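Trainee: I have a structure I would like to understand better, so I am pasting it below and will then ask my questions one at a time.
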Amino acid sequence: MMMKIPWGSIPVLMLLLLLGLIDISQAQLSCTGPPAIPGIPGIPGTPGPDGQPGTPGIKGEKGLPGLAGDHGEFGEKGDPGIPGNPGKVGPKGPMGPKGGPGAPGAPGPKGESGDYKATQKIAFSATRTINVPLRRDQTIRFDHVITNMNNNYEPRSGKFTCKVPGLYYFTYHASSRGNLCVNLMRGRERAQKVVTFCDYAYNTFQVTTGGMVLKLEQGENVFLQATDKNSLLGMEGANSIFSGFLLFPDMEA
């Protein structure tokens, strides 16, 4: 059976309870003596489990370089690499020794047919060894042949006969003692005078020369003809010579 406490007595009861607690604490203090000597440390306990990893620390400063290590052994040969780009052209080297003859090349294509006239070589030179007086209009015969390619000059007649039409050059050098005039003649059966060369001297040795380019047709003759001034000489030390040669053949003939 609960006991009813009047509301007016509650403060008194609280005061009495507080005073009782104070007395109890003072009684406990009065029973406490001086501190004792610390005892011997106990045996270390069993290590506890590892703790959780801590947070990463701040990056430290760079350390000093280490000592150089020993050279390692050579590894196996690797695969060839990709070819690099071509380098720059180097300087020109010295000329090498002369090589041997190469193999003969293949024959070239057949050429076009040529004109036989383009390959003709026609030339003559003849001297006069006959030292006898000449008559007017007489053909001057140069009887000693020096050169006569293709035999277009006839020493027995003293005439050149054209066999290949074209341009020819004729010249003469005549030694004489006194006045000398000669005619350069051309034609077939009836020759015509082309030009007359003259040189005048009285009782003295001289050399007369002359030359001309003529366009000849096949069968025409060319020769020198004497005039009334015909002191021509033909002897050792005073030679007279008649020459001629083909310059260009007539390709249209």
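Glycine residues also receive a Cβ, built from the backbone N, Cα and C atoms like all the rest.
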Trainee: The Ca(2+) site in Swiss-Prot lists D199, Y200. Which one of Q192, Q206 belongs there according to the record?
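Mentor: Of the residues offered, the record points to Q206.
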Trainee: Annotation 4-hydroxyproline per Swiss-Prot: which of the candidates P94, P107, P133 has it?
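Mentor: Out of P94, P107, P133, Swiss-Prot attaches the 4-hydroxyproline annotation to P107.
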Trainee: If you look at what Swiss-Prot says, which of C162, C198 makes a disulfide link with C181?
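Mentor: The record-listed partner cysteine is C198.
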Trainee: Which residue, chosen from P49, P83, is annotated 4-hydroxyproline in Swiss-Prot?
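Mentor: Comparing P49, P83 with the record, Swiss-Prot tags P83 as 4-hydroxyproline.
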Trainee: Looking only at C-alpha atoms, tell me how far P101 (4-hydroxyproline) is from Y200 (Ca(2+) binding site), rounded to the nearest Å.
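Mentor: Cα-Cα distance, P101 (4-hydroxyproline) to Y200 (Ca(2+) binding site): 65 Å.
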Trainee: If you take the centroid of the Cβ atoms of D199, Y200, Q206, the listed Ca(2+) site, which other residues of that chain have their Cβ within 8 Å of it?
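Mentor: Leaving out the recorded residues gives S176, G178, N179, L180, C198, A201, T208.
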Trainee: Across the domain 'Collagen-like 2' (60-114), what are the DSSP residue counts per state (helix, strand, coil)?
Mentor: 0 helix, 0 strand, 55 coil
